[in-house]
Amino acid sequence: MTRTTVDELVFFVNGKKVVEKNADPETTLLVYLRRKLGLCGTKLGCGEGGCGACTVMISKYDRLQNKIVHFSVNACLTPICSLHHVAVTTVEGIGNTKKLHPVQERIAKSHGSQCGFCTPGIVMSMYTLLRNKPEPTVEEIENAFQGNLCRCTGYRPILQGFRTFAKDGGCCGGSGNNPNCCMSQTKDQTIAPSSSLFNPEDFKPLDPTQEPIFPPELLRLKDTPRKTLRFEGERVTWIQVSTMEELLDLKAQHPDAKLVVGNTEIGIEMKFKNMLFPLIICPAWILELTSVAHGPEGISFGAACPLSLVESVLADAIATLPEQRTEVFRGVMEQLRWFAGKQVKSVASIGGNIITASPISDLNPVLMASRAKLTLASRGTKRTVWMDHTFFPGYRRTLLSPEEILVSIVIPYSRKGEFFSAFKQASRREDDIAKVTSGMRVLFKPGTTEVQELSLCFGGMADRTVSALKTTPKQLSKSWNEELLQDVCAGLAEELHLAPDAPGGMVEFRRTLTLSFFFKFYLTVLQKLGRADLEGMCGKLDPTFASATLLFQKDPPANVQLFQEVPKGQSEEDMVGRPMPHLAADMQASGEAVYCDDIPRYENELSLRLVTSTRAHAKIMSIDTSEAKKVPGFVCFLTSEDVPGSNITGIFNDETVFAKDEVTCVGHIIGAVVADTPEHAHRAARGVKITYEDLPAIITIQDAIKNNSFYGPEVKIEKGDLKKGFSEADNVVSGELYIGGQEHFYLETHCTIAVPKGEAGEMELFVSTQNTMKTQSFIAKMLGVPDNRIVVRVKRMGGGFGGKETRSTLISTAVALAAYKTGRPVRCMLDRDEDMLITGGRHPFLAKYKVGFMKTGTIVALEVAHFSNGGNSEDLSRSIMERAVFHMDNAYKIPNIRGTGRICKTNLPSNTAFRGFGGPQGMLIAEYWMSEVAVTCGLPAEEVRRKNMYKEGDLTHFNQKLEGFTLPRCWDECIASSQYQARKMEVEKFNRENCWKKRGLCIIPTKFGISFTLSFLNQGGALVHVYTDGSVLLTHGGTEMGQGLHTKMVQVASRALKIPTSKIHITETSTNTVPNTSPTAASASADLNGQAIYEACQTILKRLEPFKKKNPSGSWESWVMDAYTSAVSLSATGFYKTPNLGYSFETNSGNPFHYFSYGVACSEVEIDCLTGDHKNLRTDIVMDVGSSLNPAIDIGQVEGAFVQGLGLFTMEELHYSPEGSLHTRGPSTYKIPAFGSIPIEFRVSLLRDCPNKRAIYASKAVGEPPLFLASSIFFAIKDAIRAARAQHGDSNAKQLFQLDSPATPEKIRNACVDQFTTLCATGTPENCKSWSVRI
C-alpha cells in the first residue's frame, strides 16, 4: 500500500503557525528558535540536555489518551523534524515585562534570579508543571526541577518563591498567615525576626483559565490519518512513519538506519562523538510501539513509550494492586525517580534505553533481574526473548539483528514469596550517570526461606550489563541467613572483577558497591520475611541495621533568612538596606534580558570555531586544512601567521594567541576556522588534521615536584620561632591534604562578537568578560593598534565566578583577529565541552603540614608547604597562592608559623581565578589540621577552635591588626541559633542506634581578607550623566554577572542623589565610558565602584547646591533644569582608590587587606556508610556583611557561595587521563550541586549592628567570603566517617585518617572501612595506568 509523503513541517510556536519547507534533521529546536525565529529567551547552556537552560513546553494531542498533553523538553536535543503538528511554548510566550506571568513574577520578586541565564528554563519547568497540575505539592514542585541547574542562587529563593503555588505548605514570606511557613519552623528564639525578603501577598494569583489555548488547527487534525514525513537535509534524511509495516519495510531496506524517539542518546552521539547517521527513522506515531497493556504476566509497554508514561502507569499499578505483585514495579520506579529530569523522561523511551545497551544503564540491570520479556520484529517475523545475560553480547550490542526492532517489553508482576530491589549510586542523586546500578531478585520456595531463584544483575561492572552467574547458582536451596550473605559477598568480590584502568575509574569503590547493594538487599528481604512471620527461619534483624535499608527521602524544607531592618524614619525612597529585587529580574524571568549571544546577528556575520591540541605536550609537525576547505561555507583558517601585531599574550606574556611550533596542553588553541554558520565552522574545524611529535609531559603536582617544574620563586611568610615552637609542643602531627580543582560552570559559556568599524583600525566587541580593560589591551596588542581603537562592551554575563577575568581573552582575541582578517562581524560562543577543555578552573592544591600543639589544644607551631597546579601559564596563579598563604591561619592565632607556596608548571590548561581565589584552599588546610589536633587531644573540636581564635586587636601571621573583629559574635550567635550542644547529643544518640547510617555535626569559622592583593588594582571609576528630565545614566567600572552589582550601585547613587532608584539606569559597562578598569573580582567591586559613584554624585550635588538654595521648595527635576539653563555641567566622573594598602613579603609588613569579612556555619549531615551517599540535613550561617546594602542580594550571595562551596568540597571532581586529557567536559560527567543537594534546613542570618567604617555606607564585601563555610559539610562528613570507623572496630578510628577533598561518595565509602571494603581492596599494580590521575 502506497502512502502519501509530506515534506513540509508544520508546528506552532507561542500560538503562531510555523511552516518550514526546508527542515534539516540536524537542526535542533533551540537553534531554530534562536536563529530563525529570533526567540532568544531559550538559552544554550550545555547542548546535552544536562542543565535545563533550554527548557520549553511541548503541547500535543495524544491520540491514545484522547487529550491534550503538556510536557517539558530540552530544546537543545529536540530535532525540529520531530515537531510536526505540535505546539511549542517558550518563555516569551507566557508573559513579558509589561505583563509577567505569575511564574515569572514569583521567581523575580522572590530573588530567584541572579545572573538570569538559567531563569527562563526554570520558569518553563515550573510553568509546565502548573499547566498539568495548577495546585501541585511541594514535592512535585521540587521534582519538576531535577533537570535544571543554577550556579548562582543556591536554589533556596527559587524553591521558596515557587512553593507559594503549593497546596500543602507554600511560603507566606513571613506574613504569618500560613501555619506551614518555614520561618515559623525555627526553634531558635534568641534572634528577633526580621521582615520578609518578599511578600507573597503581592503576587498575582494563578488563573489556569487565562493560559493560551491549544491551537484549534491542530485540534482539528486529531482524527486525521497521519502521513509519512520525509525531510532531507544537507547530510541526513528524517522519515517519520505511522505504521509498523512501513517501519519494518524501511528497516529491511536500510538495516543501518537509526530509530529515534527522544533523541537523548543519538543527539549526544552526533554532537559530541561526531557520529553521522544518514537515515533516521522516527517511530513515535506507531500504535504498537506506544501502547500500554495490562496482561496476565505483567504490564506491556510499547518500546517507544516515554519513561514519564512508564512512571505514571507503574505508579497507578502500585497504588491499586496488592503489594506482593508490585515488587518489580517499585524497583523500576526507584530507578526512574533518579533517572533524569522531566525534560528527558518526557521524551526518552523505554525501548531506547534497552537498545542503547549502555553498560551503566539505570534500567537494564533492573529489567534483566526482573525476568522482563521482549518482543522483537522484522519484516515477516516476530519473536519473544527473555532479557537475560545473553541479551547483551558485548559493548553497546544486543542480540537484535540489524533489521529487527524492539516492539514491546513486559515488566512482570512479582510472585508470592518473591522480593525485588533496585540500586544506583552516582556522584549526585538527581539526574546523574550511575557509577554502579543493580537489580536484585529472590524467590523463595513456598512457606520457607530457601532460595528457589536468585538474580543479581549489575551495570557499571563490565562493558555490558552482567548477571552474577557464578555466584547465584550456588545459593539455590540455601536459607536466607548469615552464611548465604557471606557466600554471596565472597562470590561477588571474586566474580565481578574490574581492571585497574577500567573506564570510569573508582575500581575499589565500584566493587565494594556490589557487595554493599547485596547487603542492603539481604537486610530488606530479612525485614520483609520478618513481617511475613518467617523471621524464625532466617534469624532476627539487628535493630541498629534497620536504617541501612531506608532510602534518603526528601524532607519538607525549612528555610530562614534573618537580617536587620532599616532604621525607623529612613525615607521610603532610600533603598539602601532594603531587599530590593535585582534590577533585571523581570527581564531575566521573561527572557527579554540580552546576553552576548542574544544580540541579533549581523547581515554579513561569520562564525568562528577554535581548533585545539589533542596532545598535552608536543611539537606541531604539520597542519592539513584540505578537508576543512571542502565544507560548505568555509571562509578561512587562522594561525599565528595571520596575527598582524603580537602573538604573545597573557598576564605575564607567557601565552600565545595561537600556538606556533609547540603545544603545551590538551586544549591549547592552535588556530581557528571561520565559516558562514556555526555548524559549518564546527564541521570544518573537525576537518583540520594536525600531526604531532610528542614531548615529555608533566600533568600532576607530584610530577612537577619530582621534575622541579615551578613558576617563579616560592611565596613565603614566616613569623616567630618555629623550631622553638615545635620543641615546646606536647604533640606534633604531620600529614598531607589534597584539594581537587573545580570547574566554574557559569551557565553562559564564553562568548564574543567582534565588529570591525571599517576605519582607523576601530573595532567594537561585545564580550562576556569580567575584565574589559585586559580584553581591550590584549586585542589591541594582537592587532597592533592603540587601545583607543578598541571598544569593549559588556551588558551582562550569565555567571563568571572568576572564570571570565582573564581566560575570556583566549576567545576574544581570536574572534577579533577573524573580524580584522575578513572585514566582517564574527561571533563565537563556546560549546560547553570546549569551554571546560580550554579555560581552566580552580587550582588543585597539595599541602604538606606539620602542626605542634599542647595537650590543652593550644596551637604553638605550624608549618605548611602549599603546592598548586598552575597549568601551562602563570596567569593569576601567584596572586592566588599568595592569598592561600595569607589565609593559612583561617581564624586562629599561631605564634610560630611558616607558610610557603610553589606554583607547579604543568601541561594542563592554565588554571585561573575562581571565587575565593586561593583562600578556600588555604583555610581548608587550616581546618583539616585543626580537626586533627582536636582528635589527638581528645577534645571537642568546637572548643579547640574557639580556644585558638583570634581576639580583637591581635596581629595576624602577616602582621595586620584585626580591628572590628566580629568573628566571636558570629561564633556565639551560631552556636546558640543552631542549638549546637543539644543537637550534638542527638547526633551521638543517632550514631549509637544506627550501624550503617551515621551523622556528623561541625561548626566552622571564616576570616576573609578584602582587597586585591595587587594593590594598584584597588581602584574604581564612575561616570554619572544627569539629563534635563531628571533621569540619570550611571556607568561604572564593574560588570554585572548576577551578583547584583548594578542593583547595589543604583541604590548607592539613589541615596547619594536623594532620588528614587526608578530615575537611575545602567546600560552597560564599556571601555569608552570608564577607562582602565580593574576586573570585577576580589569581592571588592561594590566597595570600589560604589565609592567612585558616591564621589561623582557629590560633584553633581555640589553643582546643584546653588539652585537648591535658590529654590528650596523645588524638585529634583527643576534643580536639574535650572542648572542646565545656567550652563552648569550635569556630568561628572568619580574615582576612588583604597587607602593604606601595601604589603612586603620580604619584611612581612604592611596591610594586604582593607578589612576582613567574617562568618560561621554549623552543618549536620547523614551518610550512608554502605554507599558513600550523604544528605545535608541542616546548615545555620551567621555572616557579617556590615550594614547590608541589600539584604536580599547579600543573603543570595551567602547561599549561592555556600552551595558552590558545597560542590567544591563534596561533589565536583575533575577527571584527567594520564595523558592530560579532560574526561569531565559537561554536566553529564561533571556534577555541580542540584536543587536536591542543598541543606534541607537552610538558615542564614546577617549579623546585626556591625557597621563597617571602611566601605560605602558601612557595608562589607559578600561574594567570596561565605564559600569556605561549606567546609562545615566536609568536616561534618569526616566526623560521621569517624563514627563509622569506630563502629566497625578500626583501631585507629578515634585517631587520624585521610579524607581528601572533595568528599565524594567514593571517598566516603572507601573511608568507612568494613568487611566489604576489605573484601574488595585490590590496590593498583605497579606500572599500571589508571583511567584518571590526581592532578
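Glycine is treated like the rest: Cβ placed from N, Cα and C.
Here Swiss-Prot flags CYS115, CYS118, CYS150, CYS152 as [2Fe-2S] cluster 2 binding site. CYS152 ([2Fe-2S] cluster 2 binding site) falls within neither a helix nor a strand when secondary structure is assigned with DSSP, and so counts as coil. For CYS152 ([2Fe-2S] cluster 2 binding site), the number of other Cβ atoms no farther than 10 Å from its own Cβ, over all displayed protein chains, is 30.
Counting Cβ atoms from all protein chains shown, LEU259 (FAD binding site) has 22 others lying within 10 Å of its own Cβ. According to Swiss-Prot, the feature FAD binding site maps to 259-266, PHE339, 349-353, ASP362, LEU406, LYS424, an assignment based on similarity to another entry.
Long-range Cβ contacts of ALA1082 (Mo-molybdopterin binding site) within its own chain (separation 6+, distance under 8 Å): PHE917, ILE1010, SER1011, PHE1012, LEU1017, GLU1264. The feature Mo-molybdopterin binding site is assigned by Swiss-Prot to GLN770, PHE801, ARG915, ALA1082, with similarity to another entry given as support.
For PHE917 (substrate binding site), other Cβ atoms within 10 Å of its Cβ number 28. Summarising the annotation, Swiss-Prot assigns substrate binding site to GLU805, ARG883, PHE917, THR1013.
The disulfide bond feature in Swiss-Prot is assigned to CYS538-CYS995; the stated evidence is similarity to another entry. Look at CYS995 (disulfide bond): DSSP puts it in coil. Taking a C-beta cut-off of under 8 angstroms and a sequence separation of 6 or more, CYS995 (disulfide bond) has the following same-chain neighbours: ASP542, THR544, PHE545, ALA548, CYS1169, GLN1287.
Annotated domain '2Fe-2S ferredoxin-type' per Swiss-Prot: 7-94, in sequence order, evidence recorded as sequence analysis.
The average per-residue pLDDT of the prediction over the domain 'FAD-binding PCMH-type' (231-416) is 95, rounded to a whole number. Annotation source Swiss-Prot lists domain 'FAD-binding PCMH-type' at 231-416.
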[2Fe-2S] cluster 2 site shell beyond CYS115, CYS118, CYS150, CYS152, criterion: Cβ within 8 Å of Cβ centroid: SER113, GLN114, GLY116, PHE117, THR119, ARG151, THR153, LEU747, GLY798, GLY799, GLY1042
Binding-site residues clustered about CYS152 ([2Fe-2S] cluster 2 binding site) [Cα within 10 Å; pool: LEU259, GLN770, PHE801, GLU805, ARG915]: PHE801
Cα-Cα distance linking ARG915 (Mo-molybdopterin binding site) and CYS115 ([2Fe-2S] cluster 2 binding site), given in Å to the nearest integer: 15
Spatially closest candidate among GLN770, PHE801, THR1013, the listed binding-site residues, to GLY262 (FAD binding site) (Cα to Cα): PHE801
Nearest of the binding-site residues (CYS150, LEU259, LEU406, ARG883) to PHE801 (Mo-molybdopterin binding site) - Cα to Cα: CYS150
CYS150, LEU406 as binding-site residues, winner by CB count within 10 A: CYS150
Other CB atoms within 10 A, centred on ARG915 (Mo-molybdopterin binding site): 26
For LEU259 (FAD binding site): DSSP state (helix, strand, coil): strand
Between SER349 (FAD binding site) and ARG915 (Mo-molybdopterin binding site): CA-CA distance (Å): 40
Protein Cβ atoms within 10 Å of GLN770 (Mo-molybdopterin binding site), excluding its own: 29
Lowest local Cβ density (other Cβ within 10 Å) among binding-site residues: GLY262, GLY352: GLY352
Other CB atoms within 10 A, centred on GLU805 (substrate binding site): 25
